[in-house]
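What follows is a set of notes on a single structure, which appears directly below.
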């Protein structure tokens, strides 16, 4: 039977393999030189060699960022599906992806800097707007979902208009970000994603047994001493922060928040006591694997969002047939 530590071990093994063999593989002698050079760099301030720079400044931050972003998106997806009692929602329902895309489009078209900052605010503000709209409309799950769909469509239209009017070079930059990419990863990006993961999921871990009760009706949750409206709003804020910070450094990477929670439920059931951690780890593994595929299937460094769609869409279709007994 699959255990959580099996997934964690798989993440570690895949990360090591990517570091060793990602791009061009290094010989044993070259690895010995890299290890010695890195040790001397930290102990004796020796200058890093070109191979050491490739490992430490290119491969390692990309691996770390893939793990962090994948965990944030998949964990956000499983929480969203639980609290909204809908297996077809993902973190981008709240307008996070379309809002981030609008922020990036404005950054590229107007200021040409601070892309991550505008992407974050573009992602977080629609989420707060959806929560405010839902409060006005009666705090129902249906109004929350519909508010998110409407706002996402509106923001996507605005971003599309900006992309239409800018020069082709800037439009191409917007499209590349829209498809999601880890090619320009840095340790600063890793820190941002880690902060989002920590701020979002430490509260969710502490409250996961209460969040389980949101899978029941609001009336049943109230009878068990849970305020469903308050708890659902808190969960959505946590999910929004984690997803917004992840999207701000990686672009919009689809399917992870939708597919991975379903895969995790096949092995761990619907109880968040085990499901939440397993979803985080599975999402981390999946995005790192997708990034490997994106780098190897063509001579070019494809946006990782293309790889997640290629891997995720057929697998999700298989899940649908499997659950219906087809």
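First residue shown is number 1, and so on along the chain.
Keep in mind that glycine also has a Cβ here, set from the backbone N, Cα and C atoms.
Your range for transmembrane segment, going by Swiss-Prot and the list 37-57, 142-162, is 142-162. Annotated range for transmembrane segment in Swiss-Prot, selecting from 64-84, 211-231: 64-84. For the transmembrane segment (91-111), the residues of the chain that approach it from at least six positions outside its boundaries are 73, 76-77, 80, 84, 117-127, 129-130, 145, 148-149, 151-153, 155-156, 158-159, 162-163, 165-166, 170, 173-174, 177-178, 236, 239-240, 243-244, 247-248, 251-252, 254, 257, judged by C-beta separation under 8 angstroms.
The transmembrane segment (113-133) makes contact with the transmembrane segment (241-261): 3 or more of their CB pairs lie within 8 A, with pairs spaced 6 or more apart in sequence.
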